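Taken from Swiss-Prot, the feature region 'Disordered' applies to 219-242. Annotated transmembrane segment per Swiss-Prot: 34-54, 70-90, 113-133, 161-181, 185-205, 257-277, 302-322, 331-351, 363-383, 394-414, 424-444, in sequence order, evidence recorded as sequence analysis.
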Amino acid sequence: MNVWTKFFQPPKHIKEIEDQEVVKKKYKYWRIRIFYSMFIGYIFYYFTRKSFTFAMPTLIADLGFDKAQLGIIGSTLYFSYGISKFVSGVMSDQSNPRYFMAIGLMITGLTNIFFGMSSSIVLFALWWGLNGWFQGWGWPPCARLLTHWYAKSERGTWWSVWSTSHNIGGALIPILTGFIIDYSGWRGAMYVPGILCIGMGLVLINRLRDTPQSLGLPPIEKYKRDPHHAHHEGKSASEGTEEIERELSTREILFTYVLTNQWLWFLAAASFFIYIVRMAVNDWSALFLIETKHYAAVKANFCVSLFEIGGLFGMLVAGWLSDKISKGNRGPMNVLFSLGLLFAILGMWFSRSHNQWWVDGTLLFVIGFFLYGPQMMIGLAAAELSHKKAAGTASGFTGWFAYFGATFAGYPLGKVTDVWGWKGFFIALLACASIALLLFLPTWNATEKNTRSKA
């Protein structure tokens with residue numbers, strides 16, 4: 001723990017720069033630099049997370065595994081990733097995101113390379129489970145950076161734009177693996193992303209930094225004169241800034257701002273079911289199109305890319321609407337988008353007798369649009385309904401539930417599909433989307449103010 005503390009501990013705050021013109025110039029520079037660095041870095045996390053998914057059809061043909069066996073491999077990643085998101089969230093709230101995010105990315109690159117060197121289910125599960133653990137090092141440091149460098153009054157926009165990194169990464173990896181598989185098989189589709197991510201990890205060490213105060217800049221609330229954190233407790237802006245900049249103990253983070261927060265439990269439970277749908281569509285839709293409509297792998301993977309692109313637009317629209325229409329309250333958009341998701345899944349099932357790829361691509365685009373809105377908003381709402389210094393833990397807590405749910409998109413859903421066919425697959429998705437909608441309803445008016453009043 002001593003070695004961990006020395007290596008990963010956040011840098012100390014330095015004397016605040018007094019020249020306001022210098023402060024303004026430096027804030028502008030570092031906000032842009034940190035944003036594009038963590039944005040691109042998270043795209044690369046997706047390269048090592050989803051490489052196996054799109055190599056799966058070729059791996060089946062090469063090694064003869066069935067869907068349930070491959071589902072086990074997928075479930076090991078989601079299970080270890082889910083636990084890691086919570087544990088890593090606690091660690092990241094007390095760590096330097098510069099090294100935390102970068103080292104995690106490099107280790108995921110190594111696990112992809114070792115996966116490509118293996119041929120047995122046991123080794124596949126081992127490397128993919130280890131990959132899942134270090135995938136959990138990607139998101140919590142981003143939550144920490146987003147809450148320290150961007151004020152609440154603007155955070156919905158910045159958060160939604162950053163969240164499109166999920167979709168860009170998810171859209172690029174099937175195209176990348178599709179071309180690599182054509183030239184060097186599924187093993188090459190594991191090696192190349194792994195090598196790229198090791199290199200990107202070194203770039204992150206160079207580009208990222210921790211809090212504004214570690215660079216001599218004032219806290220973002222002071223710089224932006226953001227009243228949100230102070231006014232809901234009846235404090236002055238300066239008192240509110242001092243309170244939210246106070247470092248919290250692990251006990252305070254867990255038992256004051258996370259585990260006793262009723263809204264986080266609703267969000268976490270909804271996230272469980274949203275992620276079953278998300279990972280099911282992402283992991284199995286290409287195989288669905290190949291088996292039922294006999295599409296070539298490249299065409300099926302392209303349709304899945306449209307799912308990610310739809311999600312990109314969905315997150316941007318959801319973030320903008322929650323800022324402008326519901327005034328920073330994320331609950332209404334979660335409910336409305338979940339309702340749209342239900343109808344989009346129904347449309348995909350009823351189109352199963354049509355073999356036009358553009359119809360399937362459009363429907364996957366619409367599913368992505370309505371699914372990624374609440375998927376993004378859950379993490380944002382969790383961070384805002386807890387505490388600035390507990391943002392990584394709060395988002396990690398909901399992420400823990402999310403990826404525990406995602407494990408059900410692996411072996412359990414693979415078994416459902418083996419036994420009841422694709423009809424059973426779609427019934428499961430509809431059930432999950434319906435439950436998520438019901439869980440979002442109580443959070444319609446959830447805000448920081450009524451979170452504190454119930455504490």
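The backbone N, Cα and C atoms fix where each Cβ goes, and this holds for glycine too.
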Stretch-level contact, the transmembrane segment (161-181) and the transmembrane segment (302-322), CB cutoff 8 A, at least 3 pairs: yes
Criterion met for the transmembrane segment (257-277) and the transmembrane segment (394-414) (at least three Cβ pairs under 8 Å): yes
Most Cβ pairs under 8 Å with the transmembrane segment (185-205), selected from 34-54, 331-351, 363-383, 424-444: 34-54
Cβ contacts the transmembrane segment (331-351)/the transmembrane segment (424-444), at least three under 8 Å, sequence gap 6 or more: yes
Residues of the parent chain within Cβ reach of the transmembrane segment (34-54), under 8 Å, 6 or more residues beyond its termini: 73-74, 77, 97, 101-102, 104-105, 108-109, 111-112, 115, 128, 131, 135, 138-139, 141-142, 145, 149, 158, 161-162, 165-166, 168-170, 172-174, 176-178, 189-190, 193-194, 196-197, 200, 203-204, 207-209, 282-283, 286, 301, 304
Tertiary contacts of the transmembrane segment (70-90) (same chain, 6+ residues out, Cβ under 8 Å): 49, 52-53, 56, 59-60, 100, 104, 121, 124-125, 128-137, 139-140, 143, 250, 253-254, 279, 283, 392-397, 399-415
